[in-house]
Amino acid sequence: MKLLSKTFLILTLTFFFFGIALAKQSFEPEIEALKSFKNGISNDPLGVLSDWTIIGSLRHCNWTGITCDSTGHVVSVSLLEKQLEGVLSPAIANLTYLQVLDLTSNSFTGKIPAEIGKLTELNQLILYLNYFSGSIPSGIWELKNIFYLDLRNNLLSGDVPEEICKTSSLVLIGFDYNNLTGKIPECLGDLVHLQMFVAAGNHLTGSIPVSIGTLANLTDLDLSGNQLTGKIPRDFGNLLNLQSLVLTENLLEGDIPAEIGNCSSLVQLELYDNQLTGKIPAELGNLVQLQALRIYKNKLTSSIPSSLFRLTQLTHLGLSENHLVGPISEEIGFLESLEVLTLHSNNFTGEFPQSITNLRNLTVLTVGFNNISGELPADLGLLTNLRNLSAHDNLLTGPIPSSISNCTGLKLLDLSHNQMTGEIPRGFGRMNLTFISIGRNHFTGEIPDDIFNCSNLETLSVADNNLTGTLKPLIGKLQKLRILQVSYNSLTGPIPREIGNLKDLNILYLHSNGFTGRIPREMSNLTLLQGLRMYSNDLEGPIPEEMFDMKLLSVLDLSNNKFSGQIPALFSKLESLTYLSLQGNKFNGSIPASLKSLSLLNTFDISDNLLTGTIPGELLASLKNMQLYLNFSNNLLTGTIPKELGKLEMVQEIDLSNNLFSGSIPRSLQACKNVFTLDFSQNNLSGHIPDEVFQGMDMIISLNLSRNSFSGEIPQSFGNMTHLVSLDLSSNNLTGEIPESLANLSTLKHLKLASNNLKGHVPESGVFKNINASDLMGNTDLCGSKKPLKPCTIKQKSSHFSKRTRVILIILGSAAALLLVLLLVLILTCCKKKEKKIENSSESSLPDLDSALKLKRFEPKELEQATDSFNSANIIGSSSLSTVYKGQLEDGTVIAVKVLNLKEFSAESDKWFYTEAKTLSQLKHRNLVKILGFAWESGKTKALVLPFMENGNLEDTIHGSAAPIGSLLEKIDLCVHIASGIDYLHSGYGFPIVHCDLKPANILLDSDRVAHVSDFGTARILGFREDGSTTASTSAFEGTIGYLAPEFAYMRKVTTKADVFSFGIIMMELMTKQRPTSLNDEDSQDMTLRQLVEKSIGNGRKGMVRVLDMELGDSIVSLKQEEAIEDFLKLCLFCTSSRPEDRPDMNEILTHLMKLRGKANSFREDRNEDREV
């Protein structure tokens, strides 16, 4: 019995230990696979794998992150957010029972092992947020059980293969934020169980597969941040379970399919940052569950459909950066769940919706860059959750509502670039503001004290208002301030020394005020300051030494103050400077050579001072990287121009004019191949103008070497300057002939050669065709066909006739003279008879007129038919002298018919009509309205036929509904057109033709908005002459009040200077959008437009900018633009001088405009550098 028991025990133990050994052997591959996984980990900072050690049996199932089934096989490896670093071992394939592999948010690198395709039981592969690279292993697509594939946020590359469509079990696919390329497979629609497909942030191309529209179970689709093209498939309207559709930041085009309105489950619709066009579909109003609709940054047109205001679940509505139009409906107040509303950068008009205050959950409201008018709601303070209110760049008026102080959570307030008035309300200190920008308005009064209680404020811009008072010492409390802009106001007093407390300040703009005194030494505490503009104040004294401790300073503008003394050598410490302007002060002494350390300068202006001595060569050599502007003009500098100037190979503008430089132009200057403008005028330079210097300067627009002592011939290389617009060589000692090559420069509009010793023939083509005689005077040996030049004669050998021959010639000459007398008597007799006949029937002379004019003579009936019997509906302009009708000839030609008012014309003016019609038909210039023909019937009709101008007249463009001419360059271009036409009238014909009624209504714009001067013959047809005489029987022709020159209104004297006056008024009107009469100043005193402009310039740049039209004023972003506009307005005042002899001629005006155009065309400063925030 004992033996039996002992045997049984031995057998039991034997089977037990055999079972253990067998179990250990069956799990060994999985354990080894896990060990290999652990060996692939190079860093385990949290020690999560420290328990991966064999102790006893089956212990691997208890390791961190491991889950086994009931038989002990590993079915899940889940190691989320464990900070593991390393590679994924291919041995993972030996976990043959593995169903879930989740390595979310670690730092695995290398490729995903191809062996992973052997895990036939795998249904979830989650490798989200790692650094896996390479392509997606093809074996994954053989995993028949996988339904959850998440590879987001890795570095995977390659295409999405067609094989993905074989894995029909997939429910979720996540490819977000990798480097995948190629097209989305068209067969994606075969994955019938797919609920989520997200592939944002890759480089996918091609169109969106239409087959996606068949995925009935799809709830989430995100393809944002790729380069997808084509249209949004209309089949998406079949996705009734779709909850989130995100296609943002692609290149999609076409319209938003109305069919999306069928996706009744949609909660989120994001289509922003594409190139979508067309209307916002009204059908989107059917998406009653929609919470987020963001379709901003597209090219959508139309108004906001009223159906959108039914989406009461909306929390986010983003329609900004489109081309949407119309008013913002008061129905916006129905969207009471709205938290974020962005409508900025559209073309919305109408008044600010008062119902906006119903949106009590609103945190962000942006409506900037529109044309919204009206006032902000008085109860704006009801929006107590508001954090961001941005309504800049609109047409808002009225005050800032005082209730805004109830918006205690408000952090950002931007109301800049509007027309708001009143004082800045108190209560700002109650809010949590970090950003305040209310510049470019009409706010008055002082900066309220409690604004200085905004202790978190980082940006404060109150620039370009009518603020008065001082900048108070309380400013020192805003110690988090980074940007402070108070420029373009009327602040006075000293700059407070407490400003030195603002140690985080990056930008400080104090310019264009009335600050006085010295720069406070405490400003040296602003060691983080990068931009400092204090120009156009009344600051004085020397620059304090402490200021040069601001080592990060990049922009420094101290121009137009009263600083004196020498330019401190300590400027050399400001090695980060890229922009330095000391222009318009009282600095004296020499230019410090130590400034050579300022090697990063792009703009350097020390003009208009009292500087003496020479330019240090080493300074110029250090500026070799300068790209924009070097100006040392209007000083007392001497010596030669340093050869080192040639080191500035990238500079665009050099001005050394009005100094005392001597010697010759350095040959090294030829290296400055990028220069646009070069001015060495008004110096003592001499020698030949070196031909080789200018051979490579083919970018130059303006070259001025006038008022020097240059000798020799004009270089032939000037003829190679294919962009040259203005060339001034006047007042030198140049000799030789004028190069014919100058006549071939099509761009050359202004050429001055006066006061030299030039000789020979003056070319007759190109710029010489319309050159002013005054620009050639002082060259006694020049000849040509243009008056008052003497004609070029060819000397011939003397002829010697015999005595007999001379007698014969005398007899023949006498006989010829007798015949000529008889012929003249006969002609006079015929003329008297003809004159008598004309009295009975004046029409008898018209055939001769037809012949003389070489114009088509229209029958009055033709014009009646073309204008529908001169229907009043076709009137496009009228005055006391004429009415202009739009008409259409039988051949389809659209014309303008100018019918003269016979009551205002004497009978004697008939003969002037013939004479002047003949004269006017011979005028040919691209900026004059061409005369196509005429119609005449004694006592009934007197009309001119003109081409029809598609864009109307300048009057409508400035004051009417026509598209405005906004930019400075566009305005200058228009003035150049007008001036060119008038200059041709004044000096391009055999005798001057005075317009006498120049005004915006008489300037027409063609389809390309090129200006054409019209009505330039009316005065002559009436019989007015330059001497003031007239044959008109009435005083009908009295010009237009406001544009009429004083001497014409009172003396009836007609000269070209009368047109110059009118042109000056037109230029002012174009810049200000103010009519020339019925203006009032701030004291309600009557004033003219000229007085308004003159007063504005007298008030400094702040006043000047304020008088400009808003669009132009808002476009000013740099000091150079301000200076160009100031020059333009000064030219206007010059043109409108009360004495005619003080006004320039039209050629001089054209020259000045071309120079201004060159400046306006070459502005290169960054738009944000001088723009008020």
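Cβ atoms here come from the backbone N, Cα and C positions, even for glycine.
For CYS68, the cysteine that Swiss-Prot lists as its disulphide partner among CYS61, CYS165 is CYS61. For the annotation phosphoserine, the record in Swiss-Prot points to SER1115 among the listed residues SER57, SER76, SER1014, SER1115. From SER741, SER938, SER1137, the position flagged in Swiss-Prot as phosphoserine is SER938.
Looking at THR214, THR603, THR941, Swiss-Prot tags one of them with phosphothreonine, and that residue is THR941. The disulfide bond recorded by Swiss-Prot for CYS165 reaches one of CYS187, CYS263; that cysteine is CYS187. Secondary structure from DSSP puts ASN720 (N-linked glycosylation site) in a helix. Per-residue pLDDT, averaged across the repeat 'LRR 21' (576-599), gives 93.
Cβ neighbour density within 10 Å is lowest for ASN217 among the glycosylation sites ASN217, ASN388, ASN406. Fewest other C-beta atoms within 10 Å: among the glycosylation sites ASN62, ASN525, ASN704, ASN720, that description fits ASN62. Across the repeat 'LRR 13' (385-407), DSSP classifies residues as 5 helix, 3 strand, 15 coil. The glycosylation sites shown are ASN217, ASN262, ASN371, ASN406, ASN733; of these, the one with its CA atom nearest the CA of ASN588 (N-linked glycosylation site) is ASN733. For ASN588 (N-linked glycosylation site), other Cβ atoms within 10 Å of its Cβ number 15. When DSSP labels each residue, the repeat 'LRR 21' (576-599) comes out as 5 helix, 7 strand, 12 coil, counted as helix, strand and coil in that order. Within the same chain, residues at least 6 positions away in sequence whose Cβ sits under 8 Å from that of ASN371 (N-linked glycosylation site) are ASN347, PHE348, THR349, ASN394, LEU395.
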